[in-house]
């Protein structure tokens, strides 16, 4: 008899244990977008929700419904309601309820997608305790964006927000009138100037460096290129300033030598006594040369007058020209002007009466 009793007891315990295992289940409980895995012996949705510390209000969204039986691996979603104090374009606020977690979701849920939050961002979380949510309605404005004019009808709290909503946000050093923080009003005209700094790399010639070789037998104001050298190539990076897509300036900021240049050789005169003073009134002398000799400083027509300002040989020699060259046409422009200045000091501009007057010399 004892053996029969023990056997029956073991059978009952085994059945009870199997039932407990079968009744235990793991489900996913998602509350306001946050998911958690919970283990429970409860069977109804509402019991599992309350078991985990959440109450359900009439305004809340619960799926599946409260009385639905739950099975292992099921998912329960609870979206709790929260109050919003909605005001449109500054008018009196009214209270509405939403189960949305963000401002953007709330506007969609309330069928107010044609409005925009006046202060909060669309991604702002709506706290369970609720919040004040001033919104603005869509306005029609004229937008001149870097010369492209169009009319847009969008909801935005300010100029910067409207540009973002239009898909053309302010970037870098862009300038906008009215100011970016100015509130949007119906019929507003917005002018945007797009200022950009971009980097551009171009392959350019690399001028050769010049090696200067002194020649004591040649006048100081003269240079002779013995070897012009060979230009190389370089990649030059420029910082390019643009206004509304039009380049307004550039500065080189870096360069990389691709092909080195072969240096040039320049012979420079260092002959003593051939110093040339700085040219004064160069434009007047060029004008006189243009009148006297067609601007040709090396002219020699055989008429007894030489060079740009048409020295005769006696005047050239008397005013120190031989220190530079036997005749004026064999001297450089600067050397001829040096002798011409000596002549002017002695004879005045009257040495070139017609052409000096035409040049405006006094």
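The backbone N, Cα and C atoms fix where each Cβ goes, and this holds for glycine too.
For 291-355, the entry in Swiss-Prot reads disulfide bond, with the evidence type experimental evidence. For 192-272, the entry in Swiss-Prot reads domain 'G5'. The annotation S-diacylglycerol cysteine is assigned in Swiss-Prot to 24. The annotation N-palmitoyl cysteine is assigned in Swiss-Prot to 24. The signal peptide annotation in Swiss-Prot covers 1-23.
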- Go through 24, 291, 355, the listed recorded positions, and name the one with the sparsest Cβ surroundings, counting other Cβ atoms within 10 Å. 24
- Task: Count up the helix, strand and coil residues in the domain 'G5' (192-272) according to DSSP, in that order.
- Result: 0 helix, 59 strand, 22 coil
- Message: Going by DSSP, is residue 291 (disulfide bond) sitting in a helix, a strand, or coil?
- Response: helix
- Query: In angstrom units, rounded to an integer, how far apart are the Cα atoms of residue 355 (disulfide bond) and the residue listed as 'S-diacylglycerol cysteine'?
  - Reply: 117
- Between residue 291 (disulfide bond) and residue 24 (S-diacylglycerol cysteine), what is the CA-CA distance rounded to a whole number of Å? 114
